[in-house]
Amino acid sequence: MRDLNDIRVEIDQVDKEILKLFTQRMELACQVAEYKIATGKKVYDKAREDEKLEKLSSYVDDVFSQQAVKELYTQIMSISRKKQFSILRENGINYESGFQKVDDFDFSNATVCFQGVQGAYSQLAMNAFFENKMKDSFHVDSWRDAMDAIKNGKADYAVLPIENSLAGSIEENFDLLSEYNVAIIGEQILKVNHALLGVKGAKISDIKTVYSHPKAIAQCDEYIRTKHMDWDVKNLHNTAVSAQKIRDDGDKTQAAIGSEFNAVLYDLDVLDVGIQDNKNNETRFVIVSNEKKYKKDANQIGLCLEISHEPGSLYRILSNLMFNGINMNRIESRPIKGVNWQYRFFIDIDGNLDDEAVRNALIGLEEECVSLRVLGNY
């Protein structure tokens, strides 16, 4: 049996030879980039890479080695593309996001819409973000109505809840972001403190039926399940609408789950407070607009992309972020309507559209994705 140190010395020598050949290959990749710049050809040539992988794997016999060769050269070709993308950037070829940089936003003449009625959490998020600097605001029945208000010019901005720290993503609103050609210009994190609200003079022992939004009900599941299993829980499309309903009905056996602000607004009694399962319950709202603008100090970017439905495609796409040192904060997938088992991805990354690393990554993403759209930089 050979000594381990002797084997390692030989491996080191082989690695040096591999590195020498790798460097030579990367120099050739740079020449390929120059040719593609001159001819306008795309960097990513899937047919060529697939053909190359099949040919290289045929040079070895066993299945393990064939798969290993494919994996190795998939990485080598991915690195080559990243190098070529950086050369494109050096030659002034960029991904055009369509966004305009501004020093700040002027909301003095802005009209803002939110879903629900007076007292909705969306209104609270609007007040927190705009700080009453906007000219006017109004409410609509649904989130789609809010997007239509932006599209039709009735509103300059809309407030859209996108995820909750306890109940998770609000999937339908991700679908709306992909459907409507809007831009995210900001976000607002709102701490959610749910209260049990009843009509004047009502007591908890009187309650038989509780109304609220399904997400709010889900966020108070433990409270309801462990303390009030006999309640008949019913869904309404908004917490404030629920508060409005029990005020209008005037029935002591009815209660609503909503904010304490709803109690003030609709002249209700607060029967219990902090009934959400997680005391750190927060909802993230995004502010959307028709205008594709971003502040110069923006530090988060939202992306919407579609990729080919094949093994390794998501890894290949995300490697554009890894190679450019970009942190990904979240990823959300949604099924593509009318196409079974294919998904659209929503990704949040750190950075600004002016950052060199971001520009490099966006070039790679544009080439390697089926479609790419910057949702906003905020």
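From the backbone N, Cα and C atoms, a Cβ is placed for every residue, glycine too.
Database features, via TrEMBL:
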- 1-88: domain 'Chorismate mutase' (DOMAIN)
- 111-290: domain 'Prephenate dehydratase' (DOMAIN)
- 302-378: domain 'ACT' (DOMAIN)
- THR283: site 'Essential for prephenate dehydratase activity' (SITE)
Mean per-residue pLDDT computed across the domain 'Prephenate dehydratase' (111-290): 95
Helix, strand and coil residues within the domain 'Chorismate mutase' (1-88) as assigned by DSSP: 74 helix, 0 strand, 14 coil
Same-chain residues at least 6 apart in sequence whose Cβ lies under 8 Å from THR283 (site 'Essential for prephenate dehydratase activity'): TYR121, ALA125, PRO161, GLU163, ASN164, SER165, ILE189, LEU190, VAL192
